[in-house]
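Below: the structure, in structure tokens.
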Amino acid sequence: MDFVSGFSQAFRRVAGSRAPGTTAGGSNPVATIDAVKAAPAPSPLKPIDFTNADEINAVLDLAARIGDVLLASGMSNGDVKAHMHAITETYGIHDVHVDITLNTLMLYTTMGPTEGALSAFRVVSKLSMDFARLEEIDVLVRRILTGGFTRAEAADELHEIVTAPPTYNSAFVLIMWGVFTGSVAFMIGGHLPEAIISCLSAIVIMWGSAVLAGHGLPLFFQNVFGGLVAPVPAALAYHVGQHYGIEVNPSVCIGAGIVAMLAGLTLVQALQDGITGAPVTASARFFEAALSTGAIIAGVAFGLNIASRLGIPLPGFEGSASTNVVQNVVITVSGALAGAFFAVACFARLRSTVITTVTTLIGAAIYYMILIPIGFGTIAASGMAATLIGLFGGLLSRRYMIPPLITAVSGITPLLPGFALYRGMYSLLNDRPSIGFSSMATAFAIATSLAAGVVLGEWIARRLRRPRIATAYRGVRNIVRRPLAVKARTNGSRVNGPRANGQRTNSRGAPRTPNTGSIRARWRNRSYRNTKVRSQWRRR
């Protein structure tokens with residue numbers, strides 16, 4: 001008990017109790033992702049001049065710019081729309097139509113039946129995994145929803161967030177990518193030599209990709225470059241190790257490098273868009289992810305050919321050996337560290353990094369120490385582990401007020417099927433098409449299972465931690481829309497329950513609460529709320 005208490009206190013000191021911008025929520029604040037999907041406030045918190053077209057255009061532009069950052073950070077279309085609707089409603093603009101198609105955002109509204117239409121249009125340039133900026137935007141939106149910023153103040157704050165320099169310098173980020181890839185090498189059965197080689201290869205890959213991106217080379221060729229670099233150091237280290245008596249498994253090095261290149265793909269976002277009703281965007285993102293994966297495969301194949309031409313051919317594919325309990329513990333800890341280093345490589349701050357580490361540790365422990373040992377297949381185990389990552393990550397993210405997207409993406413990244421993808425590609429190149437296509441299909445199934453599982457887990461977390469105010473306003477809406485149940489009878493009439501001694505009662509025969517106070521004040525009365533909601537459901 002002393003150990004648990006000490007760990008809990010240390011966790012609170014590191015992660016903190018609440019994030020900035022939550023004081024307006026009272027003792028039980030609501031996460032931004034849930035607040036934007038709750039019922040709007042009865043009246044605008046920061047109303048603007050609705051007769052001024054410039055003011056309305058400024059609000060639409062503010063919502064579009066915030067949606068731009070959220071969409072570029074990997075958030076799904078449905079969540080981005082909810083954020084933009086919540087922002088416009090806070091300033092009093094309720095009748096706004098929002099359309100998002102892949103990388104374009106459009107907001108449309110009118111000032112009245114005789115006035116012209118007003119709209120805002122924005123194009124998202126590219127995907128940018130900047131978790132620090134995502135956290136700051138999350139705090140900004142939460143402050144807007146609680147009435148903490150006027151429109152001009154929110155625009156100034158957004159400008160400061162967008163133009164701020166990166167949280168970490170490029171050299172530190174490259175090191176984090178290397179350490180992340182080394183941790184993945186430990187996860188898939190490697191040892192210290194494989195981890196060092198994977199780390200150095202990842203640093204070269206990420207540095208080269210950044211240089212090529214700076215010169216405007218498309219992402220497809222950047223992935224080809226990464227796939228080309230991954231096999232050559234592994235082949236060179238294998239032959240040098242044979243000369244000096246050091247055992248090196250090049251398959252682990254290449255598999256870890258492939259995981260590092262797969263980490264930036266939009267598979268989770270694509271699947272979430274498809275599930276939540278954005279099939280056009282989902283199809284485009286799936287095609288983009290498939291094209292990037294094909295570029296990685298082509299690059300690795302080219303790299304293997306170059307290694308053979310240089311006289312350092314790779315040996316046959318070497319799978320990972322069976323593990324015991326101690327090795328499973330090492331693999332689990334390596335998975336947690338891989339999730340943490342990936343989050344830092346994407347500019348996550350300390351709070352998000354700690355929550356991500358805990359979430360990834362839970363998912364890796366369940367996968368490697370429970371599901372796989374008891375006989376679950378890789379695909380099923382990946383889906384169940386990802387569901388728990390989405391669930392626990394969503395709950396912890398809401399508790400400590402960080403975007404759940406950070407824990408979801410970082411949590412499943414170490415489980416991406418880089419090893420299976422390399423095995424399939426190697427088999428295809430060595431005239432074993434049945435094994436190759438089977439391994440490639442398994443890799444695709446694992447990736448889809450991970451994405452689907454984390455989306456399901458996040459949905460469960462959202463249902464468990466949805467804001468209370470949404471339930472209250474839903475009850476008010478049902479009461480207002482439901483007509484009075486007036487039934488004519490031969491011996492009298494009945495309105496909302498029988499009468500007892502001339503007093504109006506509810507359906508249970510209890511005296512009705514007097515109609516005093518405002519609607520919101522009456523809904524704060526718990527006994528009245530429970531009686532009213534139960535009677536409504538009973539009459540249905």
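Counting begins at 1 with the first residue displayed.
Glycine too: its Cβ is placed from the backbone N, Cα and C atoms.
The domain 'Threonine/serine exporter-like N-terminal' annotation in TrEMBL covers 61-306.
Annotation source TrEMBL lists transmembrane segment at 168-188 (among others).
TrEMBL lists 195-214 (among others) with the feature transmembrane segment. Beyond the ends of the transmembrane segment (195-214), by six or more residues, the same chain brings 170, 173-175, 177-186, 221-222, 225-226, 229-230, 233-234, 237, 248, 252-253, 256-257, 260-261 to within a C-beta distance below 8 angstroms of the stretch.
Outside the transmembrane segment (252-272), and at least 6 residues removed from its termini, the chain residues within Cβ reach (under 8 Å) are 74-76, 78, 127, 129, 177, 180-182, 184-185, 188-190, 194, 197-198, 201-202, 205-206, 223, 226-227, 229-231, 233-234, 237, 281-282, 285-286, 288-289, 292-293, 296, 300, 318, 320, 342, 408-409, 412-414, 416, 418-419, 421-422, 447-448, 450-452, 454-455. Annotated transmembrane segment per TrEMBL: 252-272 (among others), in sequence order.
Annotation comment: TrEMBL describes 284-304 (among others) as transmembrane segment.
According to TrEMBL, the transmembrane segment annotation covers 325-345 (among others). Here the transmembrane segment (325-345) has long-range neighbours at 131, 168, 173, 176-177, 179-180, 183-184, 186-187, 189, 263, 352-353, 356-361, 363-365, 367-369, 373, 406, 410-411, 413-415, meaning same-chain residues at least 6 beyond its ends whose C-beta is under 8 angstroms from one of its own.
Among the features that TrEMBL reports, domain 'Threonine/Serine exporter ThrE' is placed at 337-458.
Same-chain neighbours of the transmembrane segment (365-393): 323, 325, 328-329, 331-332, 335, 355-356, 358-359, 404, 407-408, 411-412, 415, 420, 442, 445-446, 449-461, counting only residues six or more beyond its ends whose CB sits under 8 Å from a CB of the stretch. Annotated transmembrane segment per TrEMBL: 365-393 (among others), in sequence order.
What TrEMBL lists as transmembrane segment is 405-425 (among others).
Marked as transmembrane segment by TrEMBL: 437-461 (among others).
Sequence annotations record features per position, and here TrEMBL assigns region 'Disordered' to 487-525.
What TrEMBL lists as compositional bias 'Polar residues' is 502-518.
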Long-range neighbours of the transmembrane segment (437-461), counting only residues six or more past its ends (CB under 8 A):
262, 267-268, 270-272, 275, 378-380, 382-395, 397-398, 404, 408, 411-412, 415-417, 420-421, 423-425, 427-428
In DSSP terms, the domain 'Threonine/Serine exporter ThrE' (337-458) comprises 103 helix, 0 strand, 19 coil
